[in-house]
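Peer 1: First, the structure itself, so that you have it in front of you.
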Amino acid sequence: MVFKDCVGGLKELRPLAHLLLPLCFHWIAEEMTVSVLVDVVTSALCPGQTTCSEAIYISGLQQTVVGIFKMVVLPLLGQLADEYGRKPLLLITVSTSIFPFAVLAWNQSRGSVYVYYVLRTISFIISQGSIFCIAVAYAADIIEEGNRAAAFSWITGFFSASHVLGNLLARFLPEKYIFVVSIAFLIFSPVYMHFLLAETVERVPKRDRDSTFLTNIINVAHKRYESMRDAAAVVFESPTLRGISFVSFFYELGMSGISSVLLFYLKAVFGFNKNQYSEILSMVGIGAIFSQILVLPLLNPLVGEGGILSLALLASIAYGLLYGLAWASWVPYLSASFGAIYILMKPATYAIISKGSSSMNQKQLCSASFLNLRLKLEFALRYTGLLQGKTQGFVAGVQSIASFLSPLAMSPLTSWFLSSTAPFDCKGFSIIVASVSMMIALCFACLLKPDEELSHDPEDEIEAPLLRES
């Protein structure tokens, strides 16, 4: 049974091969730098020290700035991907990581680290979250709705596999070669996409070629505002999309807060270095591969995306509490094991958003009574995935609000409880506080209700208003 599901999943992935291969190289390149960055930044900003408040604050500031701009950029990129194609947006987003790592490959002084943070902040604003949103919208263009949850789990499974490979490279490669190899992979990714990735969206025809530059700027700004307003209206009109937005906000509020300080916390409390980071991240990645590729396709028909969502949230709560209460150096390894379960949050969320988008698309189509049958069929064939990029981008924008807010509390709270002036002895208190936010997300997930099912036959839905009119 498991083998049959795996083979079915591989068949679904065949059209996505030219998308997943370059993305895997991109993810490997980014992940292999994670475990070494803490040592590089700490050595440059706080030489000879294991605790570096400056690094924690700069990391929190970076995440705050990224969160502020992502609130606008993520929905905008989702809309542009719907209107102008997935491929050009993917090329832009995957290319932005090359420049910050090139700086560290060239020099790792204090000044270079500051330049890295500036360039990396710009890169995160454009690419963090948007790559997944556009990739998921690309998959929704060519995968049938009933198979999307499995396809999304395979995409996130490849993401986890890339993280494992990246951490293995970081574990065994000498530190001086890590950034060089990373840059080579980062360059390969957009080059491969440019030549081999097929577009799935028909480009919007260009109009108003004779308009002035100022008129074009005003028209573009007005169009973007209208599109964002429409996306927000769609999300809040749908109980599913509205509910998953609240779940995503509180989950991201907690999880992004933990991830922003976790490695610095482990270094300060247990003296972890590149090798321990790689081991923990590899363990999470290996478990995540198994759960996303094998477990999720088996669980989804039994408990649905909502059940998987709740299970993932329970695991994320346990993950945060164990890290926050860690009393020995082996406890972080136990906590990391829950990563194999909480990682299912992503594919479950993508699937719920995708289904909610398709439902709203059908409702809009059925309400368009002014179209005749032929035009409705043409509209359905051409715009089945019209809202995918907009809704994925809008929910990602909601998550970016949470990622903007969480460092405002997590950075000073973590630095305070790691210092000698802490009010009581609980160095992981900030991580425990972040876990409370994920408990709130679980409460919203339990209240989540799917949109009402529409007819299983799209043609029946299209013909119904016409039959009533005749």
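Each residue, glycine too, has its Cβ placed from N, Cα and C.
Where the annotation comes from TrEMBL, it is an automatic prediction and has not been curated.
Copied straight from TrEMBL:
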type: TRANSMEM; residues: 89-108; note: transmembrane segment
type: TRANSMEM; residues: 114-139; note: transmembrane segment
type: TRANSMEM; residues: 151-170; note: transmembrane segment
type: TRANSMEM; residues: 176-197; note: transmembrane segment
type: TRANSMEM; residues: 249-268; note: transmembrane segment
type: TRANSMEM; residues: 280-299; note: transmembrane segment
type: TRANSMEM; residues: 306-327; note: transmembrane segment
type: TRANSMEM; residues: 333-353; note: transmembrane segment
type: TRANSMEM; residues: 394-417; note: transmembrane segment
type: TRANSMEM; residues: 429-448; note: transmembrane segment
Peer 1: Establish whether the number of Cβ pairs under 8 Å between the transmembrane segment (151-170) and the transmembrane segment (280-299) reaches at least three, counting only pairs separated by 6 or more residues.
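Peer 2: Contact criterion met.
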Peer 1: Could you give the residue numbers and ranges of same-chain residues that sit at least 6 residues beyond the transmembrane segment (429-448) on either side and whose C-beta is under 8 angstroms from one of its C-beta atoms?
Peer 2: 240, 243-244, 246-251, 253-255, 257-258, 261-262, 265, 306, 309-310, 313-314, 316-317, 320-321, 323-325, 352, 406, 409-410, 413-414, 417, 422
Peer 1: Grab the same-chain neighbours of the transmembrane segment (249-268) for me: Cβ-Cβ under 8 Å, and only residues 6 or more beyond its ends, written as numbers and ranges.
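Peer 2: Here the qualifying positions are 34-35, 38, 42, 50-52, 55-56, 59-60, 63, 276-277, 313, 316, 319-320, 323, 332, 345, 398-399, 401-403, 405-407, 409-411, 414, 418, 427-428, 430-431, 434-438, 440-441, 444.
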Peer 1: Output the single range from 114-139, 280-299, 306-327, 333-353, 394-417 maximising the number of Cβ pairs under 8 Å to the transmembrane segment (89-108).
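Peer 2: Going through each listed stretch, the top one turns out to be 114-139.
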Peer 1: Taking residues 6+ outside the transmembrane segment (394-417), which of them lie with a CB under 8 Å of any CB in it?
Peer 2: 53, 56-57, 59-61, 63-64, 66-68, 70-72, 74-75, 78, 129-130, 132-133, 228, 231-232, 234-235, 241, 244-245, 248-254, 256-258, 260-261, 264-265, 349, 353, 426-431, 433-434, 437
